[in-house]
Every structure is written in structure tokens, then in C-alpha cells.
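Working notes for the structure below.
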Amino acid sequence: MVLSDGEWQLVLNIWAKVEADVAGHGQDVLIRLFKGHPETLEKFDKFKHLKTEAEMKASEDLKKHGNTVLTALGGILKKKGHHEAELKPLAQSHATKHKIPIKYLEFISDAIIHVLHSRHPGDFGADAQGAMNKALELFRKDIAAKYKELGFQG
């Protein structure tokens, strides 16, 4: 899967909006993930006790983790597909330590698309959504290949 220069530009344009409030976007993404797929919450010992959206919104730890997740993703997206160095340690930790299935990366990708659309409807039209979907699919495909190298069937 290859994105054109124009598609990468669409991805990076919307990502610039994310970077104005990485922690807030990250928190929204995780809340969307956990509400839509409560089973994903079980992978996070630190957040298992958060049962309501209000509890999630009040959690500084959740906000910090959202910041960590989207900061890492932003670093990967900015590499425009040349993300081997960034992906390797991420795949290692997610496969061997956290045991995060690829399906969960699909879930969080959907949450990212939803949050971007809800926060930036005027800047995240069909073209930008399509480009971001392709970029996230490329990320998932490449991390799945790393998982396979590590012997994780996630």
C-alpha cells in the first residue's frame, strides 16, 4: 500500500490540528475505543477501574496515555511510510509485553477517524479521511508483519 504525496499531505495537514492538543485528542480517542470496545480496557491494568465516560474524562493517567499514543503515531505518520525504526520497538512492546491484537489496532484506528471527524469536520472531508484510513492501514499492515517476525499471532 502506497500513499501519494498528496495523500500524505492531507494526513499531515489534519495531524497538525491534532498537535495543537495531542493529549485532548488522545483522551477522546481512548474514551471512544473503550466505550465502543470495552474488551480493550482489559489490556490496561491502569484503566480497568474506569467504568464511566465521566471517570475516563477525569483520569489524568488516561489523558497522559492518550498523549503518549498519539505522539508515537504522529512520529510514525511524519515518516510517510518510512517508519521501520519507529515501528520496531512499538511492535516489540505491543507483541511481547502488552499482547495487543491487530484487531485492537483496527478498533483504535476507527476511533481516531471518528475523533478527527467530530473535532475537525471542516478539515477532515472524504479525501482526508480516505488518506488517513490508508495511512493507518499501512501502519497496521507493517506492524502485523513485525508481529509475525516476533512469533506473535495477534
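Positions of Cβ are set from backbone N, Cα and C atoms, glycine also.
For H65, the entry in Swiss-Prot reads nitrite binding site. Non-local contacts of H65 (nitrite binding site) by the CB criterion (under 8 A, 6+ apart in sequence, same chain) comprise G26, L30, F44, K46, F47.
According to Swiss-Prot, the feature O2 binding site maps to H65. DSSP assigns H65 (nitrite binding site) to a helix in the three-state reduction.
Annotated heme b binding site per Swiss-Prot: H94, in sequence order, evidence recorded as experimental evidence. The Cβ of H94 (heme b binding site) lies under 8 Å from the Cβ of I100, I143, Y147, G154, each of which sits 6+ residues away along the same chain.
According to Swiss-Prot, the feature domain 'Globin' maps to 2-148, an assignment based on sequence analysis.
Taken from Swiss-Prot, the feature phosphoserine applies to S4. Taking the Cβ of S4 (phosphoserine) as reference, no residue of its chain lies under 8 Å away while being at least six apart in sequence.
The phosphothreonine annotation in Swiss-Prot covers T68 and is backed by similarity to another entry. Residues within less than 8 Å, Cβ to Cβ, of T68 (phosphothreonine) and separated from it by at least 6 positions along the same chain comprise G26.
The helix, strand and coil residue counts that DSSP assigns across the domain 'Globin' (2-148) are 117 helix, 0 strand, 30 coil.
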